[in-house]
Amino acid sequence: MEESSVTIGTIDVSYLPNSSEYSLGRCKHTNEDWVDCGFKPTFFRSATLKWKESLMSRKRPFVGRCCYSCTPQSWERFFNPSIPSLGLRNVIYINETHTRHRGWLARRLSYILFVQERDVHKGMFATSITDNVLNSSRVQEAIAEVAAELNPDGSAQQQSKAIQKVKRKARKILQEMVATVSPGMIRLTGWVLLKLFNSFFWNIQIHKGQLEMVKAATETNLPLLFLPVHRSHIDYLLLTFILFCHNIKAPYIASGNNLNIPIFSTLIHKLGGFFIRRRLDETPDGRKDILYRALLHGHIVELLRQQQFLEIFLEGTRSRSGKTSCARAGLLSVVVDTLSSNTIPDILVIPVGISYDRIIEGHYNGEQLGKPKKNESLWSVARGVIRMLRKNYGYVRVDFAQPFSLKEYLEGQSQKPVSAPLSLEQALLPAILPSRPDAAAAEHEDMSSNESRNAADEAFRRRLIANLAEHILFTASKSCAIMSTHIVACLLLYRHRQGIHLSTLVEDFFVMKEEVLARDFDLGFSGNSEDVVMHAIQLLGNCVTITHTSRKDEFFITPSTTVPSVFELNFYSNGVLHVFIMEAIIACSIYAVQNKRGSGGSAGGLGNLISQEQLVRKAASLCYLLSNEGTISLPCQTFYQVCQETVGKFIQYGILTVAEQDDQEDVSPGLAEQQWNKKLPEPLNWRSDEEDEDSDFGEEQRDCYLKVSQAKEHQQFITFLQRLLGPLLEAYSSAAIFVHTFRGPVPESEYLQKLHRYLLTRTERNVAVYAESATYCLVKNAVKMFKDIGVFKETKQKRASVLELSTTFLPQGSRQKLLEYILSFVVL
């Protein structure tokens, strides 16, 4: 058998079937709608698959609807039944039909004519921001306070000089912070971006119905708050460009001061970007910089008061893992405070999902391998632009979620009878150390006691803002389209890690595409599956190896096993993780429950029977364990409720079946009568068939028992789901092993480096099952989780965080139980 192996980065196009026709996406669609390119099917495309694709392809779901439970009025607002049918369009496809002119010259100058006809003028944007902020009462108070600290015992004249000095400092800070939007620069940048985006993106897709909702929101004369996920530096320009193309004024963008570099900073200022410190506490003694905080607060308030649009990245920084990170709600709290003070009547919030076939940064392998982040510079920006012009990054999809009223959300939350949420320590320690009381089980028992709601109450305010941020990020993440590179990378890592024939990969790609659509997530691609798969393989570059087998005239696709390549594949694979995250949690929990029952010897003759109550509890505890990996569910739902719903889906799929009555009666009495420390909340209990409808619902209720299907396709799906969480659980379990050798106190940064080195060593020695378990993001998340559940105590010494073991986990036995708890979910 003759074989030749090449990486796709240097692939010989003669190896590709119908290479002359392999041009997926390179055509700029002449239709506004997203239509299939009419590619000729390649040889590995079977007639059966063609028939299945035409017959089974699902209608695209409309994503981004706001939460009906929290904002029922906004649910009906801006939306009508015709919006989902408006379809998609390619924003960067512009010709004379998008202008008022026709003819040969209009075709040649279509970009110039298009940007010239956009509605953007100086009157749209804020004026006199610096003076208004300096004259605000909060800033004046901060200036006086800082001046008093400079001259605590000074005379009136010295105090006046100190105030003038602080005012000059405040004005200088504002001059660096405040954006001066230039309509001319926006037009020029729009023209440049049309040229650039067409050179390194094949298209940028938006849903026309979503833009109609955004346009309707702009007509309310209320400030809009755009809150996108953060994947790439190009995010800053992308949103402004799309809004500009649709005659919607540019938002003011909160940018980190790491981008405050010569020339580039001027461009960002002219486009509406304003720079903020990445850390607000930058005084030499580590105290809060009250002057800077007051100026930033005043700046945001003034923009909102003048009905400007804002764009804030809740994650704070670009995601290095490919997953949506946890929220940092600092600036969002300023927005909430502004609304609470009745400065403005309302704010419309718009979560935004952004998906890339391939980010312009390519990957974050350097940082994931523990290398320090390189500071941005003018030279690095120039090199980045040159690099982008030499490559193509495929498709981009931007989804605008339905705008919702922030006022409605806040008022609704203030009236809900919700008790204070459990800390991770309260929720998880009883599961790790069973001798402790089970606080998680009593989570809902206090829900009937309605707390007094007062936005001035700091604890309630913090909880309210945190929940709002989680709500927004969950919606934005749910709105993110799944790209072809996400699915292909996921299949190669967690279904076919040893390699797979291209024809089989295409079949599995089609099946997974249908699974994604069935879960109401949209796709960022269209067309024949074999062409889309080849498109994804090309973009994944050196991460994938293609071997040509001349005997079968077939290709064999293998993921690269080098650590950087696996890290990169994992980054793109994580783009699809949120689609299956809850199902993966249930799959791992099924294993944990079965493994515990099998090793404990109490299963008796139960076979595959498992307790539904126990499964839901186990899954909920795993949700808590993984809560630092992103927003798993809406904050208006408990983990118990979400796990219960997901178990119901497994029953619908046929993966789990409710045991027959005779089988449930055969359950050993010791197991059937097992008492839990606390009852589950009402939605998670199951009535006995014999229980009288008028009986007290608080009495002990009968559990329900489930069977796990042994069908081959169901077992394969469970295995796939378990592998999705494999890297996370391996990282956490390895971190738990490393805790056994802890010698403290130790600076957190030093401990992170040691733990990361340990995980990388496991990978280099082929001890690790998943090489991607050694990413630096997982190291940080594992240590943060251990701090949250009380494994480590954290103290501050000279502005540095120092870790030491808590008294609870000083005994080796407690650390061993932590390890055993995490390992219970790990499928060996």
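The backbone N, Cα and C atoms fix where each Cβ goes, and this holds for glycine too.
Keep in mind the model is a prediction, meaning the values are calculated, not measured.
Annotated topological domain 'Cytoplasmic' per Swiss-Prot: 1-87 (among others), in sequence order.
Residues or ranges marked as region 'Important for mitochondrial localization' in Swiss-Prot: 80-120. Residue counts for the region 'Important for mitochondrial localization' (80-120) under DSSP (helix as H, G, I; strand as E, B; rest coil) come to 19 helix, 3 strand, 19 coil.
Summarising the annotation, Swiss-Prot assigns intramembrane segment to 88-118.
Per Swiss-Prot, the feature topological domain 'Cytoplasmic' maps to 119-828 (among others); the stated evidence is similarity to another entry.
For the motif 'HXXXXD motif' (230-235), the list of distant contacts is 259, 313, 315-319, 325, 354-356, 359-361, 384: same-chain residues at least six beyond its ends, Cβ to Cβ under 8 Å. Residues or ranges marked as motif 'HXXXXD motif' by Swiss-Prot: 230-235.
The C-beta environment of Arg328 (CoA binding site), restricted to residues of the same chain at least 6 apart in sequence and closer than 8 Å, consists of Leu314, Glu315, Gly316, Ala469. What Swiss-Prot lists as CoA binding site is Arg278, Arg279, Lys288, Arg293, Arg328, Arg462.
According to its DSSP assignment, Ser380 (phosphoserine) is helical. Cβ neighbours within 10 Å of Ser380 (phosphoserine), excluding its own Cβ and spanning all shown chains: 13. The phosphoserine annotation in Swiss-Prot covers Ser380 (among others) and is backed by a large-scale study or a structure entry.
Annotation source Swiss-Prot lists phosphoserine at Ser688 (among others).
Taken from Swiss-Prot, the feature phosphoserine covers Ser695 (among others).
The Cβ neighbour count for Lys780 (N6-acetyllysine), using a 10 Å radius and every protein chain shown, is 17. Per Swiss-Prot, the feature N6-acetyllysine maps to Lys780 (among others).
Long-range Cβ neighbours of Lys784 (N6-acetyllysine) (same chain, at least 6 residues apart, Cβ-Cβ under 8 Å): Asn628. As annotated by Swiss-Prot, N6-acetyllysine applies to Lys784 (among others).
In terms of local Cβ density within 10 Å, Arg293 ranks first among the binding-site residues Arg278, Lys288, Arg293. Shown for the motif 'HXXXXD motif' (230-235): DSSP residue counts in helix, strand and coil, namely 1 helix, 0 strand, 5 coil. Rounded to a whole number, the distance between the Cα atoms of Lys780 (N6-acetyllysine) and Arg278 (CoA binding site) is 18 Å.
Its Cβ taken as reference, Arg279 (CoA binding site) is surrounded by 8 other Cβ atoms within 10 Å in the chains shown. When averaged over the topological domain 'Cytoplasmic' (119-828), pLDDT in the model lands at 86. If you take the Cα of Ser380 (phosphoserine) and the Cα of Arg462 (CoA binding site), they are about 38 angstrom apart, rounded to a whole number.
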